[in-house]
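Copied over from TrEMBL, here are the features:
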type: TRANSMEM; residues: 73-92; note: transmembrane segment
type: DOMAIN; residues: 73-210; note: domain 'EamA'
type: TRANSMEM; residues: 104-125; note: transmembrane segment
type: TRANSMEM; residues: 137-158; note: transmembrane segment
type: TRANSMEM; residues: 170-188; note: transmembrane segment
type: TRANSMEM; residues: 200-220; note: transmembrane segment
type: TRANSMEM; residues: 250-270; note: transmembrane segment
type: DOMAIN; residues: 254-384; note: domain 'EamA'
type: TRANSMEM; residues: 282-301; note: transmembrane segment
type: TRANSMEM; residues: 313-333; note: transmembrane segment
type: TRANSMEM; residues: 345-362; note: transmembrane segment
type: TRANSMEM; residues: 368-386; note: transmembrane segment
Amino acid sequence: MTSSRTIYAAGTPDRPVFFAAPQDDPTGIRAAPNSTNGSAVQSALSTPAFVDRIQVSWRGFIKKSKEVAQNNAGMLLIAGSQGFFSLMNVAVKTLNSLDPPVSAMELVFVRMFITWICCVSYMYITKVPDPILGPKGVRLLLCLRGFVGFFGLFGVYYSLQYLSLSDATVLTFLAPMGASVAAAFFLGESITWKQCGAGLCSLFGVILIARPASLFGRVAELPDVTLSDGTGNLVEDISLTPHVTQAQRLVAVGVALLGVLGATGAYTTIRAIGKRAHPLHNITYFSSLCVIVSTISMIVMRTEFILPLRLAWIAMLLMIGIFGFFAQTLLTMGLQREAVGRGTMAVYTQVVYAMTFDQIFFHSSPSVLSILGTLIIVCSAIYVAVTKENPGKHKRMQSQLPSVEDITLEDGLLANQEDRLDEDIELKGAPPHDGVHS
């Protein structure tokens, strides 16, 4: 008996859809046959949506930015410190416009005293061991850091009595190059030709901005920027120094070079101390010595101490101390994390901050040469930052390479296997294995 059955025409495919796709299907998914919307699904899967592409690109940009930031953390901290130094100098310049003006040594005393109070208070609150003397193993280096830092400060202030601000600025910015050489010689840090070239380009940018009278002549337009020296100490805004003899100028240049050596020693000793001491230990020693010497200098020279009776004075003095504290802290943290040769490249960004803040607060328009010098400094710093190789990449490559122990173990296992093969062949009466592998 035969029964007639009506076959149900199902819309499902008669073969799996997850096998290898043909060459004309870039998505790797074959559309189901007899499917009404198969072509639409294939079209949607073959080309990603515009929003998805934007999200993928944005995630890649964020990831790359984080890698660059982590790889250049030291330079970023030093660049941030130069911003605080420039803000401190804005307060110094504002304070100098008040009547009566505050002497330079009093500014040093106030700034370093506030810095010392902040350092010691923070370390006591956070229970940092040995907040005043520091760790026992590096106390000599900490003393050396404070000693050379003071000479960096002294060299700048003495030279400013007989040199213009532009001439003194160019001389003090020799410190980053000197620190690179000193770190390579004393600490064994590597310095590349790329870093040397970028440093020379940055120094050329500083010359274009400062336009020293020794190179451009007295008729050249002098900059109206307030800078600090190589160690981040404030510099008075002095443009011209009349009635200076040639002998006084030569002595001032020699003392300025002594200040460059002091700044070079400060950078090098901070790097030599590294993370063996808290960053505030470095600043405590430096501020302590500066407070002592500035106090003795004011007593010996009988400098009048201006009491801050006006509210504007108090505000500016507090800003000088607070900004100086943050600037020194970021500078020390950056030099602890970055080699001196690369880290000091970020010191040149202070010129960029100075020009920007002069435009914002004092409405001083930069010249064409100043803009060109700023671009040279920024491009040099960016070049040094992006050309640094990622240390994590080398670690991953080293982890992928077989170690000496692994190679020795592998050779031993192969030799053992070869000996067993020779024994088996000898037992079967065949000639021994000659050790040549196919």
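Glycine is no exception: its Cβ is also placed from the backbone N, Cα and C atoms.
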> Tally of helix, strand and coil residues over the domain 'EamA' (254-384) according to DSSP?
Replying inline: 111 helix, 0 strand, 20 coil
> Sequence-remote contacts (6 or more beyond its ends) of the transmembrane segment (250-270), Cβ cut-off under 8 Å?
Replying inline: 141, 144-145, 148-156, 158-159, 161-163, 168, 171-172, 174-176, 178-179, 182-183, 186-187, 229-231, 244, 282, 286, 331-332, 335-336, 340, 343-344
> What average pLDDT is reported by the model for the domain 'EamA' (73-210)?
Replying inline: 84
